[in-house]
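A.B. asks: Input: one structure, supplied below.
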Amino acid sequence: MKLQIKPPNTFDEFVGKQEIISQIQLSIKASKLNKTQLDHILLYGPPGVGKTTLARLIANELKTKLQIIQGGHLQKPSDFLNAISLIKKGDVLFIDEIHAVAPNVMELMYPVMDVFKIQVLIGKDFNSKIVEMKVNPFTLIGATTQLGKIINPLEDRFGVILNINYYSNAEIEKMVSIYGKQMKLELNSNEISAITEHSKQTPRIAIRIVRRIFEQKIVNKKIDLEGLFKNLMIYKNGLQSIDVQYLEVLNRQNEPQGIKSISSMLGIDRHTIENKIEPFLLRENMIQKTKKGRIITNSGREYLVNF
């Protein structure tokens, strides 16, 4: 039998974020009692914290189909028209990284979200006319790592807006314990704590580490976390080699650095730096953003000495 990590299929199986789960369940129950379509939901937060999983669980709870599309794939009105043409009554449409949807497509979404209707231009030149088309009622769930890029008219059309942030150590430890048992790994409390410490309080990273431990045990017949973390270049607090390189770049400079300079020195695009590297370093107070640029803090310098 092939062993694999099984994602939660119900809200009861979802670990952590109980206040958020309760709010979602309340909205679902109210929509069922009122026999109305569940309000559109916007989920925002860092990568890997379960936004897609929550969308899937909502669809499961509604006993309906989940349609998934990336925001970056909605760049023309026809892209959105194709997406909603596949929707059946009561479906859930999940748009991941919804901030990447083209502005003109966002505007097209407004009447669809409001009244499930869309105006389409048919024909060309003098023979063209605007036709209003009905869309099957559905729930739109948007997910984003960059809430600030969601324009206000679009954000205002979401009835439920939830911040899915990092998890507590206790929540990550519980996940690691569950995933370890699913993979037939006999992890002791110290090993579970070590995995948690190296996960950046992010479920996706914790799952990734558990999978690598499973591979290590299959090949080497034993678990060696210290060796595994060294091979994966995952350091104290879960920082990876690119995070350390970022800190080292700032540490070598005597003045604040702009994002373009950092991008050039690291050879990494701005989007990756701002969305993958900086959020956790800011949260851990290892760097600061000032009007003049990014600077390393004393905590960041201490980390470089001790990691």
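Using the three backbone atoms N, Cα and C, a Cβ is placed for every residue, glycine included.
Reproduced below are the annotations present in Swiss-Prot:
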BINDING   I5, G48, K51, T52, T53, R157, Y167, R204  ATP binding site
BINDING   T52  Mg(2+) binding site
BINDING   R270, K289, R294  DNA binding site
REGION    1-167  region 'Large ATPase domain (RuvB-L)'
REGION    168-233  region 'Small ATPAse domain (RuvB-S)'
REGION    236-307  region 'Head domain (RuvB-H)'
A.B. asks: Using a Cβ-Cβ cut-off under 8 angstroms and a sequence gap of six or more, which residues of the chain neighbour R294 (DNA binding site)?
C.D. replies: L250, P256, Q257, G258, I259, I262, E278, I287, Q288
A.B. asks: Output, ordered by sequence, the same-chain residues six or more apart from K51 (ATP binding site) with a CB under 8 Å from its CB, or 'none'.
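C.D. replies: In sequence order, L43, Y44, G45, D96, A143, I164 meet the Cβ cut-off.
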A.B. asks: DSSP secondary structure for K289 (DNA binding site), reduced to helix/strand/coil, please.
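C.D. replies: Once the DSSP labels are grouped into three classes, K289 (DNA binding site) ends up as strand.
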A.B. asks: Write out, in the order they occur in the sequence, the residues of the chain not among R270, K289, R294 that have a C-beta within 8 Å of the mean position of the C-beta atoms of the recorded DNA site.
C.D. replies: Q257, G258, I259, I262, I273, E274, E278, G293
A.B. asks: In whole Å, note down how far the CA of T52 (ATP binding site) lies from the CA of R270 (DNA binding site).
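C.D. replies: Computed Cα spacing between R270 (DNA binding site) and T52 (ATP binding site) is 24 Å.
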A.B. asks: Across all chains shown, how many C-beta atoms besides its own are within 10 angstroms of the C-beta of K289 (DNA binding site)?
C.D. replies: 12
A.B. asks: Between G48 (ATP binding site) and K289 (DNA binding site), what C-alpha distance do you get in Å?
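C.D. replies: If we compare the Cα positions of G48 (ATP binding site) and K289 (DNA binding site), the gap is 24 Å.
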A.B. asks: Please work out the helix, strand and coil residue numbers for the region 'Head domain (RuvB-H)' (236-307) from the DSSP assignment.
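C.D. replies: Final tally across the stretch: 46 helix, 10 strand, 16 coil.
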